[in-house]
Amino acid sequence: MALTSQSLFFSPLAAGPSRRVRGRGRSTSVSAAASASSHNSQPHGHPQQPLAVASSSSKSESKGSKTFALASAITAAASGAFLLASSGGGFGGGAGGPLGGGGGGWGAGGGGGGGGGGGGGGFWSRIFSGGAAHADEKSSGDWDPHGLPANINVPMTKLSGLKRYKISELKFFDRAAGGGGAFTGPEDSFFEMVTLQPGGVYTKSQLLKELETLVSCGMFERVDLEGKAKPDGTLGLTVSFVESVWSAAKQFKCINVGLMSQSGQVDFDQDMTEREKMDYLRKQERDYQQRVRGAKPCILPDNVRGEVLGMMKKQEKVSARLLQRIRDHVQKWYHNEGFVCAQVVNFGNLNTSEVVCEVVEGDITKVEYQFQDKLGNFVEGNTQIPIIDRELPQQLRPGHIFNIGAGKQALKNINSLALFSNIEVNPRPDETKEGGIVVEIKLKELEPKSAEVSTEWSIVPGREGRPTLASIQPGGTVSFEHRNIYGLNRSIVGSVTSSNLLNPQDDLSFKLEYVHPYLDGVDDRNKNRTFKTSCFNTRKLSPVFVAGPNMDEAPPVWVDRVGFKANITESFTRQSKFTYGLVVEEITTRDETNSICTHGSRAMPSGGLSMDGPPTTLSGTGIDRMAFLQANITRDNTEFVNGAVIGDRCIFQLDQGLGIGSKNPFFNRHQLTLTKFVNLNKQEKGAGKPLPAVLVLHGHYAGCVGDLPSYDAFTLGGPYSVRGYGMGELGASRNVLEVASELRIPVRNTYVYGFVEHGTDLGSSKDVKGNPTEFFRRVGHGSSYGLGVKLGLVRGEYIVDHNAGTGTVFFRFGERF
């Protein structure tokens, strides 16, 4: 009786007695073993542990096979160098080759039985499970000579059960090759199916178990293991085989069987009558076809299916080697796309026109959160789960297939909360739902309250320019933070700073800020708005009132701002956000004696000071009060490619005066900044890959319509404006335009770069009250060019001031763009 269809099942079974099923009108001993992927998809350095693959019709043997397949995949992935640090945390999981086997086998022959046999399991699972034969590690250097005449063939049954045999040679002999048979080379995928290794030491029972595994795995029509006595006392082994072959197929179907329940099994009784056997096989056929119809289609794209069909058309019949190549090809696509838990667990409908490839894709069934203390003990966390859960990408939620890219994104998103010192995202098999994946997220929370004190010392020159003991001034900053209030990621941050703690009233500055995220509720994931309010007192040196390059140094003017700010930030995407709010502040201008300063001043040739400079405030009294609306739109698509910033960034800011305050100020200030980082050599992103060559293009425009106090005029010159000039050295104006270009060339894991920059006031300096650009003899425009090198966080640059034609060396911290 010929069978209409057959199936190959791959289960994580240890080698055991071979099972025989009736197929093709004869009794067939089915056996198969799995090979590692030939596409380098297995994690580097991961040991290829053996998995036995056997045919079975027992439901008990098939139960849990899909869970085992996923466990094997996750184990291999976790050992595959895909541990991603995130604030000290890591991401368990990675890509591997055929990451274990098992899973999904169901019937005895799957609707036709025979040939491929039965119970659930994994065709390739022997790579990661306990294998049939392992070298005795304790006695690997202590083995027994065979004690037989040299160069005679020795059946395994004739070996002594008391000896440990050293294997010096392993060969494969294909009986069907070339008509009379031929030895195959290491490139043959069958080489990877055995666990025996030359140089290993094995007992007779281990060798017999290896043979039984090969016999029972379904890959061979016939297989035998024979030894040859070597003169040095070792054994050479030859595996002679005839691979299994099925009829030609013209169609290929891929289904996801990950969460499908196991079918009820009925043992195939060899004592059945012919009619009972026929009824049994028909029932298996109906059950399997119903299973195929009820399965979800796999996510394998059409072009990969077409490639598999092309592989099938090149061969007249479906062979075990062809199925290995199909398995490798399918799993390679899954693993390359980040679906590291996907496993090919079965090929069904063999001996028909359509081959069915069953895949356990790694469906996520649930997400679990675990909090740990500093010692790794599980504790009750302070952070509310919805705060973390809303940061998970959609692809990492139940109902989706586990993907390592989604795991990386989850790490990045959760880390952006700044609530945890350690984050781990680990997939594991679901023990309650066979074939499912549980995403396990382990978190270590930061201390909610913290305080910090930092000190600094400054020396003020005394008489005759020499410092004295009394001129030493202690300064410092006291800061505190209470984060994650009520577990809702709300926080209060404060700091107090003074450069002279002996007389802190001279320059005491402070900031107190409250942040309230999820303004529309934690559960509303369609909106992400954060409310922030702060009160502040700051002091900065104004670059508006500085002397030009051909003047003596002008007396400095300090700008104090004390006020209140409240705004709402709405995140449209992780790259785009919109901030809008209200600012109320009092601005006071002071001279170096801390007295209120109403006008700028400059040194006269006589040594005196000219006090008729531009007014420092809009009111002319040295004190302004105003309220204005402020909005900011940021679109940042930059990313790090091997340590270099690539992408584009756009920032638009608008300040709108309300006519409230000193002299009823009404104005519109606007700024637009565009920066693009171009990957010139299209360097791909990846660990260990070199830095890309980068071209930076930058432009900045700012303008003001309406009332414009001098302290808010736009200045030209400085390390973040036009390099090579001092802060404000080129001018202060109502409108400015800056353009810059920088070419970065990677040299030994750092950058050497050249740049050119230009800035102009567009002729608007005269429109600033008192014209500080003219008063301080500045030109209103300037260019520079130079070369630089990055030394860690420091930029060393040689810059030519194009206005004066002189060059200067600068060292700066941070980035220009």
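A Cβ is built for glycine as well, from the same backbone N, Cα and C atoms used for every other residue.
Going by Swiss-Prot, the topological domain containing Asp142 carries the same name as the one containing Thr616, and both residues are therefore on the same side of the membrane. When Swiss-Prot is compared with the stretches 246-253, 646-653, 702-709, 806-813, the one noted as transmembrane segment is 806-813. From the options 10-16, 255-261, 318-324, the stretch Swiss-Prot describes as transmembrane segment is 255-261. Check Swiss-Prot against the ranges 233-241, 332-340, 674-682 and you find transmembrane segment recorded for 233-241. Between the stretches 67-75, 76-84, 148-156, 625-633, Swiss-Prot puts its transmembrane segment entry on 148-156. Here the transmembrane segment (365-372) does not lie next to the transmembrane segment (578-585) in space: the count of CB pairs under 8 Å, restricted to residues six or more apart, is fewer than 3. Under DSSP, residues within the topological domain 'Chloroplast intermembrane' (586-692) fall into helix, strand and coil as 0 helix, 60 strand, 47 coil.
Counted with DSSP, the topological domain 'Chloroplast intermembrane' (174-232) comes out as 18 helix, 18 strand, 23 coil. Long-range contacts of the topological domain 'Cytoplasmic' (157-164) within its own chain (CB-CB distance under 8 A, at least 6 residues past either end) are made by residues 136, 139, 142-144, 146-147, 201-205, 207-208, 227.
Under DSSP, residues within the topological domain 'Chloroplast intermembrane' (814-817) fall into helix, strand and coil as 0 helix, 0 strand, 4 coil. Sorting each residue of the topological domain 'Chloroplast intermembrane' (262-364) by its DSSP state yields 50 helix, 21 strand, 32 coil.
Beyond its flanks by at least six residues, the topological domain 'Cytoplasmic' (444-449) meets 88-89, 371-374, 381-383, 418-423, 480-485 of its own chain at Cβ-Cβ distances under 8 Å.
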